[in-house]
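Enquirer: Quick one: structure below, then a few questions.
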Amino acid sequence: MRIICRQIVLLFSGFWGLAMGAFPSSVQIGGLFIRNTDQEYTAFRLAIFLHNTSPNASEAPFNLVPHVDNIETANSFAVTNAFCSQYSRGVFAIFGLYDKRSVHTLTSFCSALHISLITPSFPTEGESQFVLQLRPSLRGALLSLLDHYEWNCFVFLYDTDRGYSILQAIMEKAGQNGWHVSAICVENFNDVSYRQLLEELDRRQEKKFVIDCEIERLQNILEQIVSVGKHVKGYHYIIANLGFKDISLERFIHGGANVTGFQLVDFNTPMVTKLMDRWKKLDQREYPGSETPPKYTSALTYDGVLVMAETFRSLRRQKIDISRRGNAGDCLANPAAPWGQGIDMERTLKQVRIQGLTGNVQFDHYGRRVNYTMDVFELKSTGPRKVGYWNDMDKLVLIQDAPTLGNDTAAIENRTVVVTTIMESPYVMYKKNHEMFEGNDKYEGYCVDLASEIAKHIGIKYKIAIVPDGKYGARDADTKIWNGMVGELVYGKAEIAIAPLTITLVREEVIDFSKPFMSLGISIMIKKPQKSKPGVFSFLDPLAYEIWMCIVFAYIGVSVVLFLVSRFSPYEWHTEEPEDGKEGPSDQPPNEFGIFNSLWFSLGAFMQQGCDISPRSLSGRIVGGVWWFFTLIIISSYTANLAAFLTVERMVSPIESAEDLAKQTEIAYGTLDSGSTKEFFRRSKIAVYEKMWTYMRSAEPSVFTRTTAEGVARVRKSKGKFAFLLESTMNEYIEQRKPCDTMKVGGNLDSKGYGVATPKGSSLRTPVNLAVLKLSEAGVLDKLKNKWWYDKGECGPKDSGSKDKTSALSLSNVAGVFYILVGGLGLAMLVALIEFCYKSRAEAKRMKLTFSEAIRNKARLSITGSVGENGRVLTPDCPKAVHTGTAIRQSSGLAVIASDLP
């Protein structure tokens with residue numbers, strides 16, 4: 001029985017082979033791949049594998065055997081050699097990719113040898129009988145979209161990699177409709193050229209662009225658009241590409257620009273979904289490119305294998321013998337020897353109609369795609385969204401927008417918003433034990449608390465991300481690229497910036513700011529000068545040097561005037577009445593205001609002490625009165641200032657204002673290298689600030705610092721030879737931090753504010769702005785500043801860091817007074833000694849004594865008050881004989897002492 005069954009099977013197989021004709025069980029196909037097509041090759045291999053392993057024998061009665069070559073398109077000999085190698089292996093059809101350098105070589109060989117080429121590359125401009133174009137044409141869809149937007153003035157950026165078909169169609173339509181199209185070929189552009197072009201177009205107020213380039217060049221152009229900030233609201237870009245979802249547009253989402261494009265692959269269809277499940281399981285090491293979703297060119301590659309498989313099935317059903325000898329001959333023979341069944345293969349390929357990853361796959365008799373549908377996408381705040389579709393029959397059809405949520409922030413509630421900030425005390429700092437925490441809990445500071453408050457008000461989840469380059473945000477003058485936190489927002493890496501970010505015009509052009517949450521200005525930070533030690537004669541400080549000199553001259557002048565008026569006024573001369581028993585009056589009437597008494601009177605009045613003599617004449621009293629008035633005012637003013645000067649420790653600052661900085665060169669000064677302060681000086685038209693900017697720009701070594709901490713450290717280490725220009729809020733904070741050796745001097749140079757920043761046109765702008773206003777009105781912002789500036793200060797209360805500090809008097813404050821006292825006492829002793837010696841010498845001559853005897857007698861009298869030797873009395877001054885008896889009389893102001901003699 002078993003033998004009979006086997007014979008029946010063999011007989012059936014024989015009849016089946018006769019019925020199907022001589023169709024090979026292994027179909028040889030070729031594959032030509034160019035550089036940077038790893039994902040397309042993976043799709044090619046996957047399609048062949050799935051066909052050959054299909055469990056349905058009716059769908060896969062034969063195996064596809066690929067012969068693959070990688071070609072270097074720049075080398076025409078290598079292209080020719082690869083094609084001839086494929087031809088010599090007896091392939092029935094070739095799947096291949098080309099570029100503008102290899103397209104003519106491949107199409108020429110195909111036409112000469114009747115070998116069909118199935119390609120996902122750009123459609124050729126001419127008619128090639130044996131070339132099947134898997135990629136649909138964009139001409140009709142693009143023109144319909146331009147009509148819909150009613151564009152009549154726009155820029156068309158293109159390269160020649162894909163030919164001129166779209167350019168030709170647009171220029172023809174422009175001529176018919178009167179459009180103004182600026183067509184620019186960007187084939188040989190580099191990054192700098194792109195930025196220069198975009199800047200020039202921006203000066204021309206060009207806001208509408210059509211970009212027709214291959215994916216690599218297209219992605220580069222989009223990056224340059226972002227780098228110059230032209231991806232913001234007000235710009236509109238139409239991308240002439242069939243893979244809208246293949247393009248990285250995250251930065252455009254945050255920028256706000258309108259971006260429209262086309263999508264050939266519908267990822268929601270069952271066939272694509274099934275393939276995606278299989279695609280995700282591929283080993284990335286064996287199948288390069290499988291780590292990312294398949295691009296539309298990879299989907300076209302997959303469909304190309306399906307087209308070839310369906311063609312061979314159709315030929316098999318038609319019993320067309322396509323078998324070839326192993327050696328197909330020389331492809332370079334002259335004349336060419338075409339393949340005999342090539343016409344049948346070409347005709348059958350064009351008759352294929354299947355449903356592939358790119359939708360309906362069907363060709364006309366020229367080998368071009370027909371009856372296809374492509375979706376129209378626009379970039380929304382949530383990502384690419386389908387807004388319509390286009391096909392040959394219906395043309396452009398726009399679908400009604402699906403109902404949106406109540407506000408755009410509702411879509412954000414389900415994801416985590418990236419908040420960019422900068423490590424800057426006291427705004428954002430690591431906690432002391434931050435290693436024990438994760439995420440946002442690692443940080444503390446003013447902006448950390450502010451971010452938490454804002455998130456509560458608008459109801460979002462957020463993640464704090466420290467800006468990698470540690471900069472606030474400035475635009476490079478050469479590359480036009482934004483750095484810092486502004487760059488993070490502009491290029492779509494973050495959605496909110498909560499940091500000490502100054503609101504400026506140039507930043508406002510590319511990002512949006514909320515209302516200011518803190519007001520401030522540019523200020524000057526210097527190293528706190530050492531407290532001046534009081535000098536020995538610090539008690540002289542209340543009056544200037546000039547005043548003291550004037551007082552001395554006034555004292556001398558008043559004394560001389562008093563002496564003169566006393567001499568000329570008869571009322572100052574008087575005669576003493578003699579007492580009973582005494583001699584008559586002196587020949588010279590006495591005048592008390594000699595020059596020395598005049599000096600003594602003026603000094604006593606100045607010292608508020610007075611003396612035993614007073615002027616008698618009216619003129620003398622006038623002199624005395626005005627001198628008393630003068631001394632009253634001077635002494636009162638001196639006393640009032642003396643208390644302050646002796647009880648206040650002063651710090652003498654070498655700089656008090658920006659003008660002081662500008663007019664000197666001994667103290668260097670600088671700003672943060674990237675920020676609004678530097679931009680302020682660069683753009684300022686005020687003479688003082690222009691002078692400062694000229695100095696800072698040319699100073700060597702550079703006075704610009706990478707971070708604020710670096711600038712503060714430079715101030716502290718410079719020994720007073722460097723001043724740092726920074727925001728007043730930061731200046732005030734650092735002044736309250738140990739080692740308490742910096743200080744703010746002068747007023748603010750300008751007035752500005754910090755704001756919360758969002759990308760241009762972001763849906764978060766309004767909610768964030770309202771949250772800041774609510775926090776301001778509720779007093780939360782003031783509480784946060786007091787908390788992080790003063791409550792956590794390390795240098796005592798705010799007033800204690802003032803410039804002048806009151807303290808108790810120390811010996812050094814009044815040491816000069818003691819020096820004068822000691823000096824005066826010493827001088828008095830010296831004068832007394834001189835007087836003693838002088839009078840002793842005079843007495844020795846008068847009494848005919850030796851000088852030593854006179855000294856001894858004088859000393860005995862000075863110490864004991866006893867009489868001299870031999871009963872003689874020594875008197876200091878006695879021009880006349882002494883009478884017997886005890887009496888005291890006045891003569892010339894000198895007291896004469898007499899005693900009874902035995």
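Just so you know, glycine gets a Cβ as well, placed from its N, Cα and C.
Keep in mind the model is a prediction, meaning the values are calculated, not measured.
Here Swiss-Prot flags 22-544, 639-813 as topological domain 'Extracellular'. The transmembrane segment annotation in Swiss-Prot covers 545-565, 618-638, 814-834 and is backed by similarity to another entry. Marked as topological domain 'Cytoplasmic' by Swiss-Prot: 566-592, 612-617, 835-902. What Swiss-Prot records for 593-608 is intramembrane segment. Per Swiss-Prot, the feature phosphoserine maps to SER862.
Let's see these features in context: how buried, what's close, how far.
Expert: Taking the topological domain 'Extracellular' (22-544) as a whole, pLDDT averages 86 in the prediction.
Residues 551, 555, 558-560, 562-563, 566-567, 572, 614-615, 620, 624, 627-628, 631, 635 of the same chain lie 6+ residues outside the intramembrane segment (593-608) yet bring a C-beta within less than 8 angstroms of a C-beta in it.
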Enquirer: Write out how many residues of the topological domain 'Cytoplasmic' (612-617) are helix, how many strand and how many coil, based on DSSP.
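Expert: Summed over the topological domain 'Cytoplasmic' (612-617), the classes give 0 helix, 0 strand, 6 coil.
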Enquirer: Mind checking which residues of the chain, 6+ beyond the ends of the topological domain 'Cytoplasmic' (612-617), have their Cβ under 8 Å from one of its Cβ atoms?
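Expert: Distal contacts: 562, 565-566, 569-572, 574, 592-593, 597, 601, 623-624.
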